[in-house]
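Here is the structure we will look at, set down as structure tokens.
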């Protein structure tokens, strides 16, 4: 059954805009779980622009579903993950000047480094997912790292300027799923998904989890986190 991981980063973004203590992303995670979230996703960036180390430590103690820690493949972040032991880690690219993650990891271009990071984390019983574009070479390289999962970057699909291009990007995601599954990888997806565009991605064969944040937090500002999550679960089933 397809599951929903709710990314709570942008609750912390609102908090950090005023460098205050509210809203609390930990409280948001509790409400997201009450609304039906199957997991909580949080990205601890190197620049700490939203989530803070303390948030991640408290989430590790309070999340009742599973905690997916998004992070760069750096020594600092690997050490934090080995200490906190999230339920799994998603390795993502980072650039300090970006507004949000702009594309997938270049696994093929950093294969030995990423093999080492994946091995260290999975040897500590922390499954690893690699955030990548739906590209044949990147999917093949991901399998070579021995990571358990990939997360397909859905940004090109979500940002498509018209229906024809959107359908082409959806087909690329479908082919990516098929290739990954044939190589023994498990498949998640996320980035830019909304209540309006999520259903076709949710229907892709073999998809396990969608990680969705900004649109849910945006909706939660108006209707509350529990309802926003419930509505996304409906949208994923084509019932909204």
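Quick reminder: no glycine exception, Cβ is built from N, Cα and C everywhere.
Swiss-Prot lists 43, 70 with the feature active site, proton acceptor, giving sequence analysis as the kind of evidence. Feature annotation from Swiss-Prot assigns active site, proton donor to 191. Annotation comment: Swiss-Prot describes 7, 18, 192, 213, 214 as 3-amino-2-oxopropyl phosphate binding site, evidence class sequence analysis. Positions annotated as 1-deoxy-D-xylulose 5-phosphate binding site by Swiss-Prot: 9, 10, 45, 50, 100. Annotated site 'Transition state stabilizer' per Swiss-Prot: 151, in sequence order.
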Review point. Between residue 192 (3-amino-2-oxopropyl phosphate binding site) and residue 45 (1-deoxy-D-xylulose 5-phosphate binding site), what C-alpha distance do you get in Å?
Key: 18
**Study point:** Between the residue listed as 'active site, proton donor' and residue 213 (3-amino-2-oxopropyl phosphate binding site), the C-alpha gap once rounded to whole angstrom
**Key:** 8
Study note, to complete from the structure: CA pair residue 70 (active site, proton acceptor) / residue 43 (active site, proton acceptor), Å rounded to integer, equals 4
Study note, to complete from the structure: Least crowded of the binding-site residues 192, 213, counting other Cβ atoms within 10 Å of each Cβ, is 192
Review point. Least buried of the recorded positions 18, 43, going by other Cβ atoms within 10 Å?
Key: 18
Review point. Per DSSP, residue 9 (1-deoxy-D-xylulose 5-phosphate binding site) is which: helix, strand or coil?
Key: helix
Check your understanding: Which residue, of the recorded positions 50, 191, has its CB surrounded by the fewest other CB atoms within 10 A?
Key -> 50
